[in-house]
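According to TrEMBL, the feature transmembrane segment maps to 29-54, 61-82, 102-123, 143-165, 208-229, 241-264, 276-295. If you look up TrEMBL, you'll see 45-293 marked as domain 'G-protein coupled receptors family 1 profile'.
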Amino acid sequence: MNVSEPDSSFALVREFILLGFSCEWKIQILLFSLFTTTYALTITGNGAIVCALWCDRRLHIPMYIFLGNFSFLEICYVSSTVPKMLVNFLSDKTISFAGCFLQFYFFFSLGTSECFLLAIMAFDRYLAICCPLHYPNIMTGHLCTKMVITCWVCGFLWFLIPIVLISRMPFCGPNIIDHVVCDPGPLFALVCASAPTIQLLCYTLSSLVIFGNFLFILGSYTLVLLAVLHMPSATGRHKAFSTCGSHLAVVSLFYGSLMVMYVSPGLGHSARIQKVTTLFYAMVTPLFNPLIYSLRNKEIKAALRKVLGSFNII
């Protein structure tokens, strides 16, 4: 196919085939059952936290407003990819051209919003622990709302231009994506024209949002750690470490897998490693997050018991 004819080349690809995990039918059924259970638990766990924080007015404070938004983000995040993964196990593996890029956009936008929100949560803990006297005057409800909205807006604008540019490139076949989601790496491999500038733009934006927010979180918690170590009360130190420890565990899980995938393109990860890593940050971390936060936080456990008790579940 002549690369100089982008229009005719582009018209050839109207849908993609997401290979996912090519294995025996029995194993596919097993994976389908495992992924369905994980998805259901993720939705239930994060949904329970959102409901508990919404219903308990005592928890309508910045720390828990951020956590409630984060749990809601996790629900949207897994729902942007997992339902299509489950469908692919039981039926044909095709996804339309528009559907592929919509999945690409929402998956990356929601993930970027999570990166920003995790950074804001670290900043909130820094203010609460390092500036406790000024915290109520600084972190007002109005500022909290503005920060949450900013995270969502920036997340959905961050990759908008690169995704539009990629979608307008000539795809002349084959249309097979050896992955579980529509990811930029496999998509670039299907483009029949060289696009180093767009690739560099994607990796630069990925590196900025991942490393920028990660370094901000690291700096915030370094200051928090120094402040906690100087606390005279052992009870205060324990409470501060418990609160920050939950957040750091989530940050480590989420950012660790992202860095492997999107800021080291030159390592040439195999398709299998890419799929497993994607599943880790797309399915496993959203499942662990409600467990990490609820099991280590007395206020959330009390709110969950109150909500579940109102439905006569416990």
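All residue numbers here begin at 1 and follow the chain in the order shown.
Including glycine, each Cβ sits where the backbone N, Cα and C put it.
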When counting C-beta pairs under 8 angstroms to the transmembrane segment (276-295), the leading stretch of 61-82, 102-123, 143-165, 208-229 is 61-82
Outside the transmembrane segment (143-165), at least 6 residues beyond either end, the same-chain residues with a Cβ under 8 Å of its Cβ set are 62, 65-66, 69, 101, 104-105, 108-117, 120, 184, 198, 201-202, 205, 209
Per the Cβ filter (under 8 Å) with a sequence gap of at least 6 from its ends, the transmembrane segment (29-54) is approached by 21, 23, 60, 64-65, 67-68, 71-72, 74-75, 78-79, 82-83, 85-86, 89-90, 283-284, 286-287, 289-291, 293-294, 300, 303-304, 306-308
Across the domain 'G-protein coupled receptors family 1 profile' (45-293), the model's average pLDDT, rounded to a whole number, is 84
